[in-house]
């Protein structure tokens with residue numbers, strides 16, 4: 001590209017493109033980050049350039065008749081070869097002009113005050129709702145009552161010398177112990193009771209697994225509640 005003179009259109013935007021010197025009767029001199037990039041390319045590739053500001057001082061947007069104004073319009077109508085400024089890459093602009101690789105990314109954020117952490121003695125109950133805990137407690141009582149009734153209607157055969165009794169208290173304790181995976185002391189040998197306890201153990205396995213997974217997630221993931229509505 002040595003010896004080639006390119007027409008460059010720009011839009012003034014600090015600190016990317018600024019007018020450094022404006023002497024009456026002489027071409028304006030520009031400076032800024034984008035101008036430094038343009039000068040580096042000019043020295044590396046060997047081309048010269050003539051720079052001017054877009055007549056309407058706009059970056060460019062589509063009009064009702066399908067044409068473009070601003071910097072993009074100068075490129076579309078081929079009045080300029082290159083456009084350089086703090087120009088945002090958008091899908092609409094990419095349909096009519098080609099962009100180089102972007103050299104700057106920025107975003108807008110909002111700073112919020114971090115909420116004060118409080119110690120909750122009942123944090124271990126947080127993985128489940130209160131209504132779910134109530135249902136689990138009610139299920140323990142219901143299954144314990146059913147186990148007691150099944151053994152009362154069909155008492156299990158105990159070994160000689162065994163003093164274990166199938167009271168309501170022992171049935172409740174056995175169901176609760178199996179729920180927290182601690183076992184129990186009352187031997188239930190009838191078929192109906194074993195079927196009942198098999199279903200209860202499966203239910204307890206699912207509940208305990210869900211509780212463990214939710215508790216681990218609750219303790220490791222910081223929940224950020226935004227105060228902006």
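Sequential numbering from 1, following the chain as shown.
Just so you know, glycine gets a Cβ as well, placed from its N, Cα and C.
Summed and averaged per residue, pLDDT over the domain 'Ionotropic glutamate receptor C-terminal' (5-227) gives 81. The feature domain 'Ionotropic glutamate receptor C-terminal' is assigned by TrEMBL to 5-227.
According to TrEMBL, the feature domain 'Ionotropic glutamate receptor L-glutamate and glycine-binding' maps to 15-77.
Summarising the annotation, TrEMBL assigns L-glutamate binding site to 88, 93. Every protein chain considered, the tally of other Cβ atoms within 10 Å of the Cβ of residue 93 (L-glutamate binding site) stands at 21.
Remote same-chain partners of the transmembrane segment (130-150), defined as residues 6 or more beyond its termini with a Cβ less than 8 Å from a stretch Cβ, comprise 166-168, 171-176, 179, 188, 190, 192-193, 196-197, 200, 203, 207. Per TrEMBL, the feature transmembrane segment maps to 130-150 (among others).
Within the chain, the transmembrane segment (199-221) has long-range Cβ neighbours (under 8 A, six or more residues past its boundaries) at 123-124, 126-128, 136, 139, 143, 175, 178-179, 181. Under the heading transmembrane segment, TrEMBL lists 199-221 (among others).
Under the heading site 'Crucial to convey clamshell closure to channel opening', TrEMBL lists 228.
Mapped onto DSSP classes, the domain 'Ionotropic glutamate receptor L-glutamate and glycine-binding' (15-77) shows 20 helix, 16 strand, 27 coil. Within 10 Å of the C-beta of residue 88 (L-glutamate binding site) we count 10 further C-beta atoms, all protein chains included.
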